[in-house]
Amino acid sequence: MASPLILINFKSYREGAGNNAGQIGTAAELVMQESGVTIGVAPQFTELHPFCKHYEIPVYAQHIDPVEGAFTGRVPAFTVRAAGCVGSLINHSERRLTIADIEATVAAAKFHHLESVVCTNNAAVSAAAAAFAPTYVAIEPPELIGSGISVATANPEIIESSVAGVHRVNPEVKVLCGAGIQSGECVKKALSLGADGVLLASSVVKAKDPEAVLRDLISKI
């Protein structure tokens, strides 16, 4: 996706399901079309195909598995691609993987022409993940996720060091940052620190007016 990317993770929030999910999708599509800023969404699995069918926005899965065949309950990469998704989150802090599984999952995403967004918790892991050549590395300090305290304000050094570490390993890998992102000022600060976009969840998904929040997020780009 073109930079900057605003990627919204719906997680398993009730506010991100059913009709509520549709309201967020509609808002994301409208703001993206009007602003030209890329706004992607990672809805719940049951919403993937409907979102891909009804909205002209990039849709990502929240997780994929590097398997196919007799693996009940797994999410093979090819099924996500068949649903119409452009990519997937990998190794979110709420869905941690081993380093071997991260490597295999990034490879599966590449094989099925999916973008990969590998989530990490510090600069060292960010650099290690870059060795697998994902599309993005998304640095998210776990202690700030859902806190309302922006990583760009509370720990700008982790963004700068992650960007530097990732680019030393593979300058083609883009870097997102997340945890506590909730305003246009947060996004502006993240981009000024070298990030190519942001990954966020509750500030949009739980908002009474998702469109207003999205407009604020892109207001200083």
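Just so it is clear, glycine is given a Cβ too, placed from its N, Cα and C backbone atoms.
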Per TrEMBL: substrate is bound by Asn9, Phe10, Lys11, Gly180, Ala201, Ser202, and from Ile57, Ile64, Ile139, Ile145 the site also lists Ile145
Whole-Å Cα distance, Ile145 (substrate binding site) to His92 (active site, electrophile), is 11
Please report how many Å separate the Cα atom of Lys11 (substrate binding site) from that of His92 (active site, electrophile), as a whole number. 10
What is the interatomic distance between the Cα atoms of Asn9 (substrate binding site) and His92 (active site, electrophile), given in whole Å? 10
